[in-house]
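Chemist: Structure below; questions to follow.
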Amino acid sequence: MTGHLDVALLIGAAVLLVAVAAVRLSTRVGLPSLLVYLLIGILLGEAGLGIRFNDAELTRTLGFCALIVIIAEGGLTARWSALRPVLGLSATLATLGVAVSIVVVGVVVHLLLGLDWRLALLYGAVLSSTDAAAVFATLRRLRLPPRLVATLEAESGMNDAPVVLVVVALASPAVAAASWHELLLFYELAAGAAIGLFVGAAGRWLLRRAALPSAGLYPIAAVGLTVLAYAAGAVAHASGFLAVYVAGVVLGNARLPHRRAILGFADGLAWVAQIGLFVLLGLLVSPSRLPGALVTALVVGGALVLLARPLSVAVSALVVRGAPGWRGQAFLSWAGLRGAVPIVLATIPLSVGTPGAEKLFDAVFVLVIIFTLVQAGTVASVARWLGITAPAEAAEVQVESAPLENMHADLLQIGVAPGSRLAGVHIDELRLPVGAVVTLVVREGAGFVPTPDTRLRTGDTLLIVTTADVRDAAERRLRAVSRRGRLARWFGEDGREEQ
């Protein structure tokens, strides 16, 4: 047993390191990293090293777990100031646009491929969701108008919710047997958004007030809150994915302690989730069946990219005030990338034994590879051709909530207790060593920046920033003044009388 575990750890570590190195290579050659990860999975599978893996149910479960992390990271890094102007269009694309896409693809597949209506609509449902990981990874490297990027990112974060419900309903042995909460789409979305908002707001309140003993606990707590949002949504039969995204947006736009550490941790987890997800999907596929799915993939992909997506964008733009013009709509149509989400969704009918599910999975897999190569590789050129590339901007200043341990500095909090001789002392009379400065005085619940003439009072709290090398000297000096008051200078600036 231990030997098998060691081999599994060896293979897992090697795959992870190769995948990390592949990111650099894929960036250089302009190849989407998700395709590299899929290739790694295929090479590990039955056509390569011979690892046989055909558990669609496990793939679906792990795939959903990975999507939770990926969507949470997208929400945490999304700016509310950028999302707010495009929220209406994004929500419309994620609901009305999804419905239009499902119907158009379903009609084309039924007429051209001769599939029954239920399976044809299942093709449309599986492929109607744009992929958050693909969109985030591709668009954030390009110089594009912020409104269009925000629209696509918000749509990708929100459209998984209705799509999952439709796929589950269509893949069930009998659609009529689907429970009420799988059909009440409005309830699912509204409840999911409300749960995400509540968890995010409660988490923001808690993290601001929690004095955790280690900075590393804040990222764990933040990510844990997004997972809690998903679980609460799932238990309430609401949209867990929408709850995750909303909770992530609320937390990501709050002034949390160690915010940059939180974002860095979430980014790292999202990379691990993407790598694991794509490698797992590559393992699940049987390469020998893929050539037979090529024609179906091209027909369905053509219907999706050339008909369904442009029509869904156009219809959504008609009902939303302030929608972009034809150039922006054309870009939104082309940049609606598909990635892991359609492949994960294709495992749902595969896991429940829906007739035709195996061919659907193969066709979706081939479609994602082909059209990701084409669309992700040309999205920058399309933006330039449409004349919508954004001008170069100066790099923004990075504002952070002071993780002082990374700067070899400390933040001291000193209270002026009753009986302390700090009361009545002026700031300049503290005579702190060079490298220590009183940055804030909190008095009666309000903070202010002191001047050298500020006189301390009983009940005040001092916030003092010191470099690491003078912290001890600053503490000794403060203790000396607390005991001796102004006379402490007669005993030495560093408080040596305490020794």
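Every residue, even glycine, has its Cβ placed from backbone N, Cα and C.
Quick caveat, the model's predicted, so the values are computed rather than measured.
This is the feature table in TrEMBL:
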- 31-49: transmembrane segment (TRANSMEM)
- 61-80: transmembrane segment (TRANSMEM)
- 86-113: transmembrane segment (TRANSMEM)
- 120-139: transmembrane segment (TRANSMEM)
- 159-178: transmembrane segment (TRANSMEM)
- 185-207: transmembrane segment (TRANSMEM)
- 227-251: transmembrane segment (TRANSMEM)
- 263-285: transmembrane segment (TRANSMEM)
- 297-319: transmembrane segment (TRANSMEM)
- 331-352: transmembrane segment (TRANSMEM)
- 364-386: transmembrane segment (TRANSMEM)
- 399-480: domain 'RCK C-terminal' (DOMAIN)
Chemist: With pairs fewer than 6 apart in sequence excluded, do the transmembrane segment (86-113) and the transmembrane segment (31-49) have three or more C-beta pairs that lie under 8 Å?
Modeler: no
Chemist: Given a Cβ distance threshold of under 8 angstroms, which distant residues of the chain, six or more beyond its ends, lie next to the transmembrane segment (263-285)?
Modeler: 15-16, 19-20, 23, 33-34, 37-45, 51, 53-56, 59, 62-63, 65-67, 69-70, 72-74, 76-77, 133, 137, 219-220, 222-223, 252, 340, 343-344, 347, 361-362, 365
Chemist: Within the domain 'RCK C-terminal' (399-480), what mean pLDDT does the predicted structure show?
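Modeler: 83, rounded to a whole number.
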Chemist: Counting only residues 6+ away from its ends, which parts of the chain sit with a Cβ under 8 Å from the transmembrane segment (331-352)?
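Modeler: Those are 34, 56-57, 59-60, 63-64, 66-67, 93, 122, 125-127, 129-135, 138-139, 144, 148, 151-152, 155, 160, 163-164, 167-168, 170-173, 274, 277-278, 281, 284, 304-305, 309-310, 313, 324, 358, 360-361, 364-365, 367-368, 371-372, 375-376, 378-379, 382-383, 386, 388, in sequence order.
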Chemist: Using DSSP, what's the helix, strand and coil tally for the domain 'RCK C-terminal' (399-480)?
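Modeler: Counts, helix then strand then coil: 21 helix, 27 strand, 34 coil.
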Chemist: Using a Cβ cut-off under 8 Å, which residues of the same chain at least 6 positions beyond either end of the transmembrane segment (61-80) come close to it?
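Modeler: Long-range Cβ neighbours of the transmembrane segment (61-80): 132-133, 136, 150, 153-154, 156-157, 160, 222-223, 226-227, 230, 240-241, 244-249, 251-253, 262-263, 266-267, 269-270, 272-274, 276-277, 280-281, 340-341, 343-344, 347.
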Chemist: Please indicate, using numbers and ranges, the residues of the same chain that are 6 or more beyond the transmembrane segment (185-207) and have a C-beta under 8 Å from a C-beta there.
Modeler: 95, 161-162, 165, 218, 221-222, 225-226, 228-229, 232-233, 236-251, 254, 256-257
